[in-house]
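Scroll down for the structure; my scribbles are underneath it.
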Amino acid sequence: MLLPILLISCLISTNTGLINDVINQIPELDPLELIPEIPRLSPKVPEDAKLTTMQLISKYGYKGELHKVITSDGYILELHRITGPIKCTDSNKPVAFVVPGILCDSSCYTITGNRSLAFILADAGYDVWIANPRGTTYSRKHINKSISKKKYWNFSWHEIGTLDLPANIDYIVKTTGRKKMFYIGHSQGTTTFFVMSTQRPEYQKYILEMYAMAPIAYCGRMKSPLLQLLAQITDVGEIANHFGVYEFNLKSKLSNQIAQSVCASKVITQPICKNTLFLFAGFSPEQFDSERLPAILGHYPTSASVKQLLHYGQLVKSGMMISAGRFQQYDYELDNLEKYHSLVPPKYDLPKITAPVHLYYSANDWLANTKDVDKLSRELGNLASKILIADKKFNHLDFLWGKNVKKNCYDLILNQMNKTRHRNVGNSSSEFL
């Protein structure tokens with residue numbers, strides 16, 4: 001909890017004007033809206049908050065497998081596989097590789113019961129593999145580095161894209177014998193795909209199609225007040241380093257207990273939790289599922305490296321200096337010359353992406369701004385489609401937990417996947433189906 005306290009202290013002392021700008025972005029709320037209607041609390045909610053992803057998979061009637069992958073730099077990652085509903089005996093299925101965003105792990109795709117993307121894919125006949133990036137709940141081990149040490153946390157989403165994703169894909173291909181797969185990512189799960197495809201282009205041959213929900217590359221017009229604030233604190237990395245804080249982790253046994261009490265669906269304080277999430281992702285009360293919030297907060301947010309957040313903060317800041325900003329590697333400032341042989345970090349070369357990419361974005365997303373997505377779409381080497389979600393109030397986290405996410409997004413993705421799947425049945429089917 002030290003890093004958030006440090007951030008707040010810095011903001012109060014150096015960014016009063018910016019804080020006022022942030023406050024002005026918050027929509028005016030009807031006082032009556034602060035007291036939500038009290039829905040019937042499902043008895044399953046507290047249980048789901050405590051269950052692991054593998055337990056959630058089993059509870060909701062699916063066959064799950066836990067696999068472990070070691071990256072080339074020694075991180076031990078868990079891969080969670082759903083081979084189908086328990087009653088399903090078909091083993092001849094195409095692979096869907098699902099990658100979570102920042103502060104998320106595999107539970108983000110399993111925590112909303114039958115609305116969860118992982119279960120919807122499994123019901124549709126896909127062999128589902130869910131990644132757990134380094135540093136998150138199920139991937140916190142290394143062959144020789146201690147998780148309490150700085151060396152363990154010396155990574156951003158660049159390393160997740162260049163090292164974690166290739167290791168996962170190699171393992172899936174070897175285990176299943178399938179040389180083609182669908183890739184589905186949300187938020188950072190799209191960023192890391194763009195990184196992998198530009199830095200490790202040989203892995204694009206394994207991607208049949210990529211589906212990017214709330215895609216993030218350019219961040220110059222990002223509205224999220226919290227990340228705008230982070231971008232303003234130029235010395236936050238030095239502050240964190242000085243105090244020995246390398247992991248961003250809001251979770252503890254005590255904070256979980258407080259969240260379960262304060263954010264329960266039948267208590268008057270839940271709007272505090274709801275509006276905190278909205279400040280991060282965009283205001284969308286119509287899609288917000290108050291009853292499921294305690295279960296979600298049992299798993300989200302998970303941890304990340306401070307460097308991951310700083311890397312995004314750098315992209316936001318670049319947009320303050322250059323129109324739309326740059327999609328670039330981590331900025332080591334004075335050490336760039338030694339690291340990159342250049343004064344500025346290299347850009348990720350998006351035109352070199354040859355795998356077909358489908359973009360799904362929304363007008364009320366405070367992280368993946370529509371203009372930033374437009375710029376991304378113009379630079380992608382193989383843009384297959386760009387689809388704006390019909391609901392104008394759909395926000396960044398609604399892609400995971402929105403009440404109508406299946407209708408608004410998942411059905412669109414599944415329709416396209418099924419078209420591609422049927423088109424490939426007679427074409428090299430042994431590699432695909």
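Here the Cβ of each residue, glycine as well, is placed from N, Cα and C on the backbone.
Since the structure is predicted, the reported quantities are computational estimates derived from the model, not experimental observations.
The following features are taken from TrEMBL:
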- Ser187: active site, nucleophile (ACT_SITE)
- Asp365: active site, charge relay system (ACT_SITE)
- His396: active site, charge relay system (ACT_SITE)
- 54-111: domain 'Partial AB-hydrolase lipase' (DOMAIN)
- 121-219: domain 'AB hydrolase-1' (DOMAIN)
- 1-17: signal peptide (SIGNAL)
List of residues, in chain order, with Cβ under 8 A from that of Asp365 (active site, charge relay system) and at least 6 apart: Ala214, Ala281, Gly282, Phe394, Asn395, His396
Per-state residue totals over the domain 'Partial AB-hydrolase lipase' (54-111) - DSSP helix, strand, coil: 10 helix, 25 strand, 23 coil
Tally of DSSP helical, extended and coil residues in the domain 'AB hydrolase-1' (121-219): 41 helix, 19 strand, 39 coil
Local confidence of the prediction over the domain 'Partial AB-hydrolase lipase' (54-111), expressed as mean pLDDT: 95
Reduced DSSP assignment, Asp365 (active site, charge relay system): coil
